[in-house]
There are 4 protein chains.
Amino acid sequence: MTHNFVLRFRSPDRPGIMAAVTPLVAAQGCDIRAAEVYGDPETGHFFCRMELVSPVDHETLSTKIAGAEDYLLDWDLKDLAHKQRVLIAVSKFGHCLVDLIHKQEIGQLPIEIVGVVSNHDTMRKTVEWHGLPYHHLPMSDGKEAQEARFLSIIEESGAELTVLARYMQILSDDFSARLDGRCINIHHSFLPSFKGAKPYHQAHTRGVKIIGATAHFVTADLDEGPIIEQDVRRVSHAVVADEMVAIGREIEASVLSRAVRWHAEHRIFQNGNKTVVL
Amino acid sequence: MTHNFVLRFRSPDRPGIMAAVTPLVAAQGCDIRAAEVYGDPETGHFFCRMELVSPVDHETLSTKIAGAEDYLLDWDLKDLAHKQRVLIAVSKFGHCLVDLIHKQEIGQLPIEIVGVVSNHDTMRKTVEWHGLPYHHLPMSDGKEAQEARFLSIIEESGAELTVLARYMQILSDDFSARLDGRCINIHHSFLPSFKGAKPYHQAHTRGVKIIGATAHFVTADLDEGPIIEQDVRRVSHAVVADEMVAIGREIEASVLSRAVRWHAEHRIFQNGNKTVVL
Amino acid sequence: MTHNFVLRFRSPDRPGIMAAVTPLVAAQGCDIRAAEVYGDPETGHFFCRMELVSPVDHETLSTKIAGAEDYLLDWDLKDLAHKQRVLIAVSKFGHCLVDLIHKQEIGQLPIEIVGVVSNHDTMRKTVEWHGLPYHHLPMSDGKEAQEARFLSIIEESGAELTVLARYMQILSDDFSARLDGRCINIHHSFLPSFKGAKPYHQAHTRGVKIIGATAHFVTADLDEGPIIEQDVRRVSHAVVADEMVAIGREIEASVLSRAVRWHAEHRIFQNGNKTVVL
Amino acid sequence: MTHNFVLRFRSPDRPGIMAAVTPLVAAQGCDIRAAEVYGDPETGHFFCRMELVSPVDHETLSTKIAGAEDYLLDWDLKDLAHKQRVLIAVSKFGHCLVDLIHKQEIGQLPIEIVGVVSNHDTMRKTVEWHGLPYHHLPMSDGKEAQEARFLSIIEESGAELTVLARYMQILSDDFSARLDGRCINIHHSFLPSFKGAKPYHQAHTRGVKIIGATAHFVTADLDEGPIIEQDVRRVSHAVVADEMVAIGREIEASVLSRAVRWHAEHRIFQNGNKTVVL
């Protein structure tokens, strides 16, 4: 019986990293199926992601890789048989939520959706019909209390990733900080254009010929987190703001689901305020 | 013998405009080959562009169309046999210039290039080899004097359109105002992101996954003029700023040449700070 | 009270068509909000689509427009308040179906879904949860009987458009002929490449770098009907055929929903074996 | 002093390949700047491309790498300081040629153009103005003699890559076979659609909504060689075949220059009738 693992690591860029790591995995009989390494000339950081077929189990292989720790800033070994536990937050618009659930159900996203959090009750019926727990956390409880409940749910559900799928609330700095690298938001504009509220209306007012959406890690700095993925669609003068909203929904759902898949496949590294996707 | 005309007009949106105009052209035996009309629900303006095959000449047809002037804010009748006279301004980077010249030479752009203006002497050899006049207007003459010479050349050459094909000088308000609607610039970013200098370096620093270029009318407000056309290309974390510059060159040339072609085909209308392209 | 109508017509290209039609609508006080006309130089056909705001009702306006019938091959006047009745056919894959239902529910598609037909029972639960009738027409009844029932459902439901949303059955010539211009299929390739079965596997075998999907009118000639819309997505050598299937789902749903929307907005004209979309 | 090398290899996929190779390069003090490996699950081949910064020279490093030859089917070590020698073949259309020359001149393509071959004399003036040798090889000499001269020029010029930049001649099987893996063609369609002559006219006749271009390795099988890169552009019903030709020129030049750059950067591997681009 073999295991499919992803080995990821980051290290200061210097000769010998791959030579330190690859013999350790080879000695256990591991086969490298795919790998990508990238050394950032600006930060001097070296990033690596390797897909391994391993005849030995996670513990055994981990122990061996630990032998190269002198070379590594941080690393982990992920078992692809484990589906990442994902909690989704949503407000009233369900297009990203419906897309994520559908893709998960037909086997297109290697995740387990552990529940849906919302400041509204709008999407309850849909979510529960799919057999998922729905947590209504109204803002009327006060922002602090609401976020405390949100954090408890993340903890209790064992969520490894929280996805803001058009969750129209600004998170507190503390909340953002605690989810650092574990929370992805979809912004409905081609960032850094049109930050803040009503980006499609901003885009319409400016008369752009292309609109877009951006998936990024959530940070305390609103709409400024590391960008994971973006996509765009052409529009003409005849597209009014409301139609941009409609066109944008497809881009948002598509971009967000790619970011979630990459996260679940352990492809995304934070690199300062940017990302490396391997 | 027939003529190929473009009839363009703008009017306040109200019933009867097309009914006032089309019988006038039909009465002269004109055939409508293509037409597009657009009523902007926000400004209440109605825009129309019609391609006509006309058995009568420009003067005859113009006189007749003038009969509908009560309905029209402004209008013109353009003869497609006349190639628009275009003056190109450039600094040191020649990729947009070379692209425009090549496309003109192989018959892909219905323009006549009447000359090239530059604040450097870099592109002289290339321009003169193509048989075009080259005007070197160094900034060392002082901005005011330089712009005065630039304006004289526009006037003397009979240029109907001035194209800033990576002309790296900020124009004075007065210069911009005088060329209102007759001057197109290519900005090397996906506006409104990354205004000002070194946009690819800004884009690299922000870590965007898609870069772009924008052709817009020049106005006194830098990088804020009405957008005519935009396009984008996907980049990854591994693309350093200098490579973005290289990738961007193709987008810039492509976007700019489309904007120039549309202008030469009389497709672009200013609509406040936006454009309507018919 | 005003009405929003779409006036569409086709005619032999000759002077005077617009001059014959527009005064008739103007005389009734109709305002043209948008219009596009296209004369095909190859077939000599003239196509026009106009959006009208009309103070008079459908019957009154129709009667007047009929006065220009000498100029028109065919025409109709559609009331945009009427949502097009659409019947969806599906087999086992629900991604296009789910997308169409979701877009209809959130007001992004001006259609009324009158039911879902399938040769399998797979999607029943989903469809019925959305409150739509589900018709299971198994092929075990024999193709002829099955198609007869399918046609009855189209008739009884008053469907104006039948959408094959990954309906994996080849229709008989007779069935196709009867739905001429009223049946849209989504093909999971960038036609005319990779006709027939398993197009993503064909694409993978050929090693293409871009895959796509095509929405077209159904004709007796399999995968040869007039193309309405296409879109594509970039793939690399590392994308195996099954992943292409997954990537392709998004393109299929997006392309098909655009084709359905354009049909519901009365934008599509057949022009021989091609389409004109205005 | 350091050297920038690219190490490429192909091997049967089995454990230990990277562990055999990376210590050899590390022992010489080489730093891996970027690397990508891909194991094709279908062919069982493992492909690797590594960018190395090496303190030792080519001969020293090569000798060491040879120590891992038991693991490798084939490999080479390329010095990025050496610009690949490229011979361009062209007929009457110069857009790809002009684009390649311009990109080479501004430092965007790491190649040396060693000359231009043509069956016409059309592009001589342009080519010679850029200081490049022009070889006019008219077909009137007979195909066999013409190809013999073509091959001599390839040999004498030391061309490592021959680029068919809209060279409108079908090569003999023998000629194709001799240039296996060293000859790239641009086909003006989105292959495998519209093989053979006049692809844009074929595309227009079929009524596709997107056109494209394909760069591929030349093989004896016309338009069937391994695809390296493709790109597309949206068109509407109103774009006649001649305009498609014009639109297509930009796609062709862009796609071809990317394929040439990837070849010059040693990124392309043949993998049966497909390519792996790392």
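Cβ from N, Cα, C; glycine included.
Feature annotations, courtesy of TrEMBL:
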type	residues	note
ACT_SITE	D:ASP223	active site
DOMAIN	D:6-82	domain 'ACT'
Task: Count the residues of the domain 'ACT' (D:6-82) that DSSP assigns to helix (H, G, I), to strand (E, B) and to coil, and report the three numbers in that order.
output: 25 helix, 32 strand, 20 coil
- line: All chains considered, the count of other Cβ atoms within 10 Å of the Cβ of D:ASP223 (active site) is 18
Query: Which state, by DSSP, holds the residue listed as 'active site': helix, strand or coil?
result: coil
Query: Do you know the mean pLDDT across the domain 'ACT' (D:6-82)?
result: 95
